Amino acid sequence: MKEIIGGPGTVSGLLLRIGQCVFAAASISIMTTATEFASYTSFCYLIASMGLQLLWSFGLACLDIYALRRKKDLQNPVLVSLFVVGDWVTAMLSLAAACSSAGVVVLYARDMNFCKTHPDLPCSRYEISILLAFITWLQVSISSHVMFWILASV
């Protein structure tokens, strides 16, 4: 079987999954340390989505480590279809959460100047957390694209 960059059981796939875990965890930690984040539903949705992404990516990173240590091939049709579905679901949830949170921040920071009139709100923390969520989504979309092509070739 041809080894594809970012595929399951490869070093590049492991690095991609670790990157997803790191950026999702950073997004969660920055958002949860910001005050009054729980007042906004989209920010809570972002935390829930990034939490699911963190668990999914961590599980697949552990599976990649196992496959690399045991020299196992993870490119069978059943596993790859599970990876494709999981990646697509978490990618859609991550994109939806990041976009809805970005919409709230744009409304408050740019349209209503709410961040300037209320300096106690940590709008910059919200923005950084959302940026990290978009970076997480970008990495997940790369993974889901690779998994889709592997599924087509298996």
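Even glycines carry a Cβ here, placed using N, Cα and C.
As recorded in TrEMBL, the features of this protein are as follows:
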type	residues	note
DOMAIN	8-138	domain 'Casparian strip membrane protein'
TRANSMEM	12-31	transmembrane segment
TRANSMEM	43-68	transmembrane segment
TRANSMEM	88-109	transmembrane segment
TRANSMEM	130-152	transmembrane segment
Counting only residues 6 or more past its boundaries, what in the same chain has a CB within less than 8 Å of a CB in the transmembrane segment (12-31)?
5-6, 37, 43, 46-47, 50-51, 53-54, 57-58, 60-61, 64-65, 68, 125-126, 128-130, 132-133, 135-136, 139-140, 142-143, 146
Mind tallying the domain 'Casparian strip membrane protein' (8-138) by DSSP state, helix then strand then coil?
111 helix, 0 strand, 20 coil
